[in-house]
Amino acid sequence: MSGNGGAATTAEENGSKMRVIRVGTRKSQLARIQTDTVVAMLKALYPGIQFEIIAMSTTGDKILDTALSKIGEKSLFTKELENALEKNEVDLVVHSLKDVPTILPPGFTIGAICKRENPCDAVVFHPKFIGKTLETLPEKSAVGTSSLRRVAQLQRKFPHLEFKSIRGNLNTRLRKLDELQEFSAIVLAVAGLQRMGWQNRVGQILHPEECMYAVGQGALAVEVRAKDQDILDLVSVLHDPETLLRCIAERAFLRHLEGGCSVPVAVHTVMKDGQLYLTGGVWSLDGSDSMQETMQATIQVPVQQEDGPEDDPQLVGITARNIPRGAQLAAENLGISLASLLLNKGAKNILDVARQLNDVR
């Protein structure tokens, strides 16, 4: 094992030693399903390796009575997993990419971004409102979401609705919707509902024209120790080139804006005919003030290649030496350019006011 010298262990099976890779994950059912998906891909690629899943709770899992945007910490769903990586208790961890900050702590990197599923949001309705849409819900209906991004966009579009914070994992939120008479509907990520096998609960899909999605939404990320070359090589084959380039652009946009979950920032990316289109927007908390722009860059979706030099620096926390560097840099530059355009037009004022108001709410 190269890198920091620790990582994988071995196990006896049929008298022969098998290498064991320890995979860290959050404890929620959705997190376990996502991790099982990644492990299944790795097992198919490396049948001679055994994978052991180690589940743990994160700060975001434990603090359930406060909106995420109010907790005031960036690595809400990743810090404990990174601590386990640092202590060599696990060899890699699986995250929802949207939970991973655009700047990682020293010593860590995203070694793989898997093929993105539907990045859009969905509305799940209380049984008595099945067949409705957000537009046709009764006046002052309560819609549950813990996302400032969703509230800012949807409040502007559907002023007759009231948006209320709802926390907990998907199971908890659906139970609150169905059993309490508090919510007429809740807004969740399509990808999460699909992974849980709950597609039948999707009452309305919010397309980007109605509600742009979070940076990285719908994609899974594999985080590893940056110097653990062996594990980096092992997981890098999971990189999906199109997803990678879209997410580099999105993360570069967010990082350059200095955004996070405490301000409403949203994106939409499309790769078509050798062009990467990035739409990004910022909103005031109530959605009354907003700014959106679209830019594009010429980027062909590359096939994976032989690994480039080992000393290539990360881009927005991601290492992908098997994807052409030029394409990655073009995607990063697109995100930076779009953020710069918005900042030059006054987006910083919108974001600063949103942060201040969020702090005092």
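Using N, Cα and C of the backbone, Cβ positions are placed for all residues, glycine too.
Among the candidates Lys74, Lys140, Lys176, the residue that Swiss-Prot annotates as N6-acetyllysine is Lys74. Around Ser147 (phosphoserine), a 10 Å sphere centred on its CB holds 24 further CB atoms from the protein chains shown.
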